[in-house]
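J.: Here it is: the structure, laid out below.
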Amino acid sequence: MIERPIPGADAPIGIFDSGVGGLTVARTIIDQLPHESIIYIGDTANGPYGPLPIARVREHALRIADELVERGCKMIVIACNTASAAFLRDARERYDVPVVEVILPAVRRAVAATRNGKVGVIGTVGTINSGAYQDLFAASPSIEVHAAACPRFVDFVERGITSGRQILNIAEGYLEPLQAQGVDTLVLGCTHYPLLSGVIQLAMGDHVTLVSSAEETAKDVLRILSQNDLLADPTMHPTPTYSFESTGDPELFSQLSRRFLGPVVTQIRHNMV
């Protein structure tokens, strides 16, 4: 375990993803915990993580999480399903700050949401092949799980393409087998995918409930910070600070971050981690 001075409640929350997808989680945390400061790192130089070998994903995630801990973050949020599947156990053994991931929160929400017991899961190749979702759903034996990889979705989001006939056609191809299985609940098992929720909903139909882990993850962040007496005190630090950083092209990351997050993004820092 890496031992550092225990951060106080005024320390930032560290969030990372392979790119812009984790901004969906950051946005929800900002909305639900408006007094918390945040450092967000998008590893665009090495992402997307989905097609990479698990060992490589673990290597990239380790490097970024180490930096966030070194910079005094009081909590690490792995805002990437592929990295959560590859790195969660290592992270919780390595760091003495709380580590929150995005897979279990989505599973909890899907189990509560389904009406017919048939749940679909879509994600990157790495996430689907890891079996992480399937393993967690196994704790609810009444749930029938159908999984499908949607490898091209992340690339579209990273290029800022979130609607249009081309992406809809691709979505329909990916999702048709899940429709055929009669799923009534679909887990968006990649933090990029909520940015395609309009297209995915159109392809699946209005009768299917889409589950994003962002809302449930933010609830976990609130609960764990509260349990550890780490919630920021707005009377002591009324104005939170936000740092959004990219290991790759900062200009493209800046454009997408401002589009997805709005005015909270004032400057993008190029991080050479």
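In case you wondered, yes, glycine gets a Cβ from its N, Cα and C as well.
Swiss-Prot feature annotations, pasted as is:
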- Cys80: active site, proton donor/acceptor (ACT_SITE)
- Cys190: active site, proton donor/acceptor (ACT_SITE)
- Asp17, Ser18, Tyr49, Gly50, Asn81, Thr82, Thr191, His192: substrate binding site (BINDING)
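I'm curious about the neighbourhood of these features; can you describe it?
T.: In the three-state DSSP reading, Cys80 (active site, proton donor/acceptor) counts as coil.
Here Cys190 (active site, proton donor/acceptor) comes close to Gly21, Gly50, Cys80, Asn81, Thr82, Ile122, Gly123, Thr124, Thr127, Cys150, Phe153, Val154: these same-chain residues lie at least six apart in sequence, with C-beta atoms under 8 angstroms from its C-beta. Classification of Cys190 (active site, proton donor/acceptor) by DSSP places it in coil, neither helical nor stranded.
Classification of Tyr49 (substrate binding site) by DSSP places it in coil, neither helical nor stranded.
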J.: Once the chains shown are all counted, how many other Cβ atoms turn up within 10 Å of the Cβ of Ser18 (substrate binding site)?
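T.: Ser18 (substrate binding site): 32 neighbouring Cβ atoms within 10 Å.
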J.: Determine the Cβ neighbour count for Cys80 (active site, proton donor/acceptor): the number of other Cβ atoms within 10 Å of its Cβ.
T.: 35
